[in-house]
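Just below is one structure, and these are the notes that go with it.
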Amino acid sequence: MEKKNCNPKETSSQKASDKNHLTLKNSLLKDIDFYLVTDSGLSKKGTLSDVKESVEAGCKIVQYREKCKSTGEMIDEAAEIKKICSGRAIFLINDRIDVALAVDADGVHIGQDDMPIETARKILGANKIIGLTVHNADEAIEAEKSGADYVGLGSIFDTFTKKDAGKGIGPASIREVRNAIKISVVAIGGINKENCRSVIENGADSLVAISAVVCSDDVKKETREFIDIIREIKGAGSSK
C-alpha cells in the first residue's frame, strides 16, 4: 500500500499561505467604498452597461444578482461582467455557486437560507470570497465564526428593491455589528445620497445603493458621487 505524504512542513506552509490570503482578502474588502449590486428589473440601461459605467467610475466590487434569467443566460452574462471587472473590481455572484464556478468568479454572496458557509467554502476553496447577509450582531458573529469574509447588513432603511427585506433596522445597528466583528461590514437597503453619511459614520466599510444608482440615467455619475461622499467621511474619520 502506498504511504501518504504527511510532511508537516507542507502543512505549515499551506496554513501560512491560507492565512496570508485571508489577510489580503480582508484588506481588499476594507478598502472598498461603493459596492454595486445589479438588478436587471430596475436597470434603465441594462446590467452590462450598469457594471461598465460603475467600474469606470471607480467601483471596486460588483455583485451579479439575477433572478429572471436561465442558468445559461446567467453564465453568458456573468462571463461578460467578469471581463469588465478584470483587474479593476472584485466580481461576486449572488446565491448561484454553480454560476460562480462556471465563470471562475472571485466569490459569492449568499443569504441566511442558502447553502451553509462551511459547505460553500468546501466547494469554492479558501481563496474565494464569501459574503453573507445578516440582520443583527448575533448573525454577524456567527457568520464570522463560520468563515465569511464579510457581511451584508440590512435592510438599513425601508426599501422596495427586495420585497421580503422587512422594516429597516436603522443605522445604529451598524455600530452594534461593527463592534461585534472584525470582518468587513457592507450596509444595504434603502440607502441614498441623503442618508448614506449616517451609514459610514456608524462604521460600515462600504455600502450598496441599488435603486439610487441603477434607476438613474447616469450610473457613472451616481457611482462617482457616492464614492466621493464615502471617501470624504472616511477621510474625516481617520483624521480625528
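Heads up, the Cβ atoms here are built off N, Cα and C, so glycines get one too.
What TrEMBL annotates here:
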type	residues	note
DOMAIN	34-213	domain 'Thiamine phosphate synthase/TenI'
BINDING	GLN63, TYR64, ARG65, GLU66, LYS67, ASN94, THR133, LYS162	4-amino-2-methyl-5-(diphosphooxymethyl)pyrimidine binding site
BINDING	ASP95, ASP114	Mg(2+) binding site
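Features recorded in TrEMBL, as mapped to the structure shown.
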residue : record                                                         : contacts (Cβ under 8 Å, 6+ apart)
GLN63   : 4-amino-2-methyl-5-(diphosphooxymethyl)pyrimidine binding site : TYR35, LEU36, VAL37, THR38, LEU92, ILE93, ASN94, HIS109, GLY131, VAL208
TYR64   : 4-amino-2-methyl-5-(diphosphooxymethyl)pyrimidine binding site : THR38, THR47, VAL51, MET74, GLU77, ALA78, ILE81, PHE91, LEU92, ILE93, ASN94, VAL99, ALA105
ARG65   : 4-amino-2-methyl-5-(diphosphooxymethyl)pyrimidine binding site : VAL37, THR38, ASP39, ASN94, ASP95, HIS109
GLU66   : 4-amino-2-methyl-5-(diphosphooxymethyl)pyrimidine binding site : THR38, SER40, THR47, MET74, GLU77, ASN94
LYS67   : 4-amino-2-methyl-5-(diphosphooxymethyl)pyrimidine binding site : GLY41
ASP114  : Mg(2+) binding site                                            : ASP95
THR133  : 4-amino-2-methyl-5-(diphosphooxymethyl)pyrimidine binding site : HIS109, ILE110, GLY111, GLN112, VAL151, GLY152, GLY154
Open item on the list: Can you tell me how many other Cβ atoms are located within 10 Å of the Cβ belonging to ASP95 (Mg(2+) binding site)?
Closed with: 19
Task: Local confidence of the prediction over the domain 'Thiamine phosphate synthase/TenI' (34-213), expressed as mean pLDDT - done: 96
Task: Other CB atoms within 10 A, centred on ASN94 (4-amino-2-methyl-5-(diphosphooxymethyl)pyrimidine binding site) - done: 21
